[in-house]
């Protein structure tokens with residue numbers, strides 16, 4: 001590695017900081033960018049620069065946005081009586097892809113994680129409560145991730161919502177479609193049993 | 001996907017063009033860059049720009065280089081009587097990492113591949129022959145990849161070298177260290193038998 005040109009070492013170093021990119025992949029990508037056309041490589045660099053310059057968070061729901069409001073908040077056809085609370089903007093897009101939810105969103109900006117120093121003040125929970133003051137929202141769906149931090153965050157939010165005249169629900173945790181009971185982990189299986197419904 | 005901000009779609013599109021990066025990874029990397037500090041993201045963009053601006057190929061061996069000559073060609077302690085011919089600069093670095101080769105290199109810039117339109121003129125074979133004219137080089141090690149294109153390229157070069165007073169050798173093809181005869185493919189195993197040596 002020491003014999004690489006410093007410019008290469010630097011790019012490899014920057015790439016390794018990305019999630020899921022190890023030293024080998026970083027090296028392969030660097031050599032690819034070296035071989036690739038000047039225009040294509042610079043287009044990538046430019047796209048990164050513009051990402052940081054153009055993207056901000058929606059003033060209403062904290063979704064990523066290029067304007068003051070994100071496309072979903074700006075869409076008058078969305079149902080304002082249901083609010084889906086997610087941790088990050090990519091969770092929002094995952095739900096949007098299902099094309100089954102027609103309500104609005106609220107992006108928390110993460111989950112409660114004392115270990116990583118993220119408390120309630122790091123989340124947009126206060127803004128969520130302010131949005132509920134109008135009285136338009138009838139249901140808040142807590143769609144944080146079904147892991148330790150996400151569950152704790154949902155629990156925390158449900159307590160915040162309790163005094164308000166709003167229904168708080170949590171997305172179902174159970175066996176994923178197409179999976180096998182035999183290979184399911186105990187926690188998922190017990191959640192699936194716990195969440196059973198009449199057919 | 002259509003609901004993403006155009007700036008995001010653009011970066012995802014640029015990332016997907018990289019080898020080994022699918023749509024999911026591109027999306028994950030984009031959201032990571034979105035969350036990451038402005039400085040870190042811009043450092044990556046800048047590193048890509050500098051890669052394309054600073055790096056050129058060594059005037060002697062076509063290795064990647066920041067100056068007129070690469071560090072290996074500029075190193076007077078390297079043995080000029082042995083020339084190791086590789087397809088790409090990353091092959092060169094793979095050999096350098098073994099720290100067992102003290103000679104010099106020649107980077108072909110690829111392999112012969114009629115299907116991809118790469119003939120002898122796309123390689124630096126002519127420059128290789130010119131380097132041999134001085135008479136200093138006594139042995140040329142053909143270290144192209146042990147695949148169809150690499151073997152064809154080695155064959156082609158060995159014919160070019162035949163009339164010259166230089167020894168042409170090919171790296172050994174056989175079972176990789178730590179592997180198992182049982183699981184070796186037939187071609188590798190037959191090459192290993194073919195290349196057997198006295199002990």
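Cβ coordinates come from backbone N, Cα and C, glycine included.
If you look up TrEMBL, you'll see A:81-176 marked as domain 'Toprim'. Secondary structure by DSSP for the domain 'Toprim' (A:81-176): 38 helix, 21 strand, 37 coil.
What TrEMBL records for A:58-73 is zinc finger. Outside the zinc finger (A:58-73), and at least 6 residues removed from its termini, the chain residues within Cβ reach (under 8 Å) are 89, 92, 96, 104-109, 124, 127, 131.
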Counts of helix, strand and coil residues, the zinc finger (A:58-73), according to DSSP: 3 helix, 2 strand, 11 coil
Average pLDDT across the domain 'Toprim' (A:81-176), rounded to a whole number: 92
